[in-house]
Amino acid sequence: NRSDLSPSSFILASIPGLEAAHFWMAILLCSMYILAVTGNCAVLFIVKTEPSLHAPMYFFLCMLAAIDLALSSSTVPRVLSFYWFNTREISFGACLVQMFLIHTLSAIESTVLLAMAVDRYVAICHPLRHAAILTNAVTVKIGLVAMARGVLFFLPLPLLLLPLPFCSSRVLSHSFCLHQDVMNLACANTTPSVVYGLTAILLVMGLDAILICLSYILILKAVLRLALWKERLKVFSTCIAHICVVLAFYVPLIGLSVVHRFGKDLAPLVHITMGNIYILVPAVLNPIIYGVRTKQIQRRILNLIHIYND
């Protein structure tokens with residue numbers, strides 16, 4: 001009887017009754033993944049080759065693009081192999097690695113979004129000091145701090161799960177591995193894992209969300225001090241893209257957390273759909289949002305299309 005030992009593998013979730021639709025679901029996910037990879041690679045290429053975009057705001061955008069590429073690539077290929085080839089098993093070690101990557105990359109993205117909010121605050125509230133405060137060197141240091149913060153806070157999650165005994169049930173709620181999902185399959189006291197996981201989420205994503213809101217309260221106060229409505233709209237419009245990206249990240253994150261906390265009786269379709277939205281939607285939307293809102297990126301894309309057509 002090995003039901004009290006760590007499993008050699010977990011079983012990825014499928015949607016009962018919709019096995020025949022797996023092929024078409026995979027086509028949809030693959031299309032979104034290709035769009036995410038193409039869009040984020042385009043952002044990286046455009047910023048790298050356009051000297052006028054070598055500024056902190058666009059370096060942060062490159063960090064977001066790289067994170068989205070890594071996050072989607074750490075999950076979607078495995079999900080596609082499940083849908084296309086019915087390879088539902090994922091080894092215990094691979095599951096822990098995937099879980100670590102998902103949570104760590106999400107934490108890094110949250111930190112970068114906070115840095116972008118601070119960038120907008122300095123640019124609007126202290127425009128004369130913006131270039132001196134947010135230099136390229138400072139931007140690189142912020143990126144390194146974001147990586148270190150994500151790794152240090154979320155490395156303990158798989159380490160806390162590693163020694164736990166697991167019950168006979170090995171079926172996950174998603175098509176990939178998340179901490180709470182794997183933890184719920186353990187047949188031992190998971191209080192340390194629960195407490196640490198909640199603490200890490202609150203100290204990273206929760207604190208970042210509060211500081212982002214605080215940044216925009218200060219930005220809004222500065223904007224409202226402007227005399228003309230046209231000036232207010234013009235200044236605040238520089239924040240629209242970032243606000244949309246923040247919503248694209250935090251809304252699926254909150255939705256997935258709510259489903260895990262209160263949706264135990266929901267249909268498997270809800271869990272799987274929310275998980276896929278959390279992984280893919282920000283990666284797809286971020287380059288589109290900044291492509292639509294940033295004239296420099298628009299011009300560069302149009303130039304590339306014109307050169308290609310010629």
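Just so you know, the numbers here start at 1 and follow the chain as drawn.
A Cβ is built for glycine as well, from the same backbone N, Cα and C atoms used for every other residue.
Please treat TrEMBL annotations as automatic predictions, because they have not gone through curation.
The transmembrane segment annotation in TrEMBL covers 20-46, 58-84, 90-118, 130-155, 194-219, 240-263, 269-292. Under the heading domain 'G-protein coupled receptors family 1 profile', TrEMBL lists 39-290.
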Exercise. Give, as a single whole number between 0 and 100, the mean pLDDT over the domain 'G-protein coupled receptors family 1 profile' (39-290).
Key: 90
Practice problem: Determine which residues of the chain contact the transmembrane segment (269-292) at the Cβ level, with the cut-off under 8 Å and only residues 6 or more beyond its ends counted. | Solution: 13, 15, 18, 29, 32-33, 35-36, 39-40, 42-43, 61, 64-65, 68-69, 71-72, 75-76, 79, 102, 109, 173-176, 178, 241, 244-245, 248-249, 252-253, 255-256, 259, 263, 298, 301
Practice problem: Grab the same-chain neighbours of the transmembrane segment (90-118) for me: Cβ-Cβ under 8 Å, and only residues 6 or more beyond its ends, written as numbers and ranges. | Solution: 6-10, 12, 57, 60-61, 63-64, 67-68, 70-71, 74-75, 78, 139, 142-143, 145-147, 149-151, 153-155, 157-158, 161-162, 176-179, 182, 200, 204-205, 208-209, 211-212, 215-216, 242, 245-246, 249, 253, 279, 282
Quiz prompt | Same-chain residues near the transmembrane segment (240-263), Cβ under 8 Å, at least 6 residues beyond its ends | solution = 64, 106, 109-110, 113, 116-117, 120, 173, 178, 180-181, 201, 205, 209, 212, 216, 270-271, 274-275, 277-278, 281-282, 285-286, 289-290, 292-294
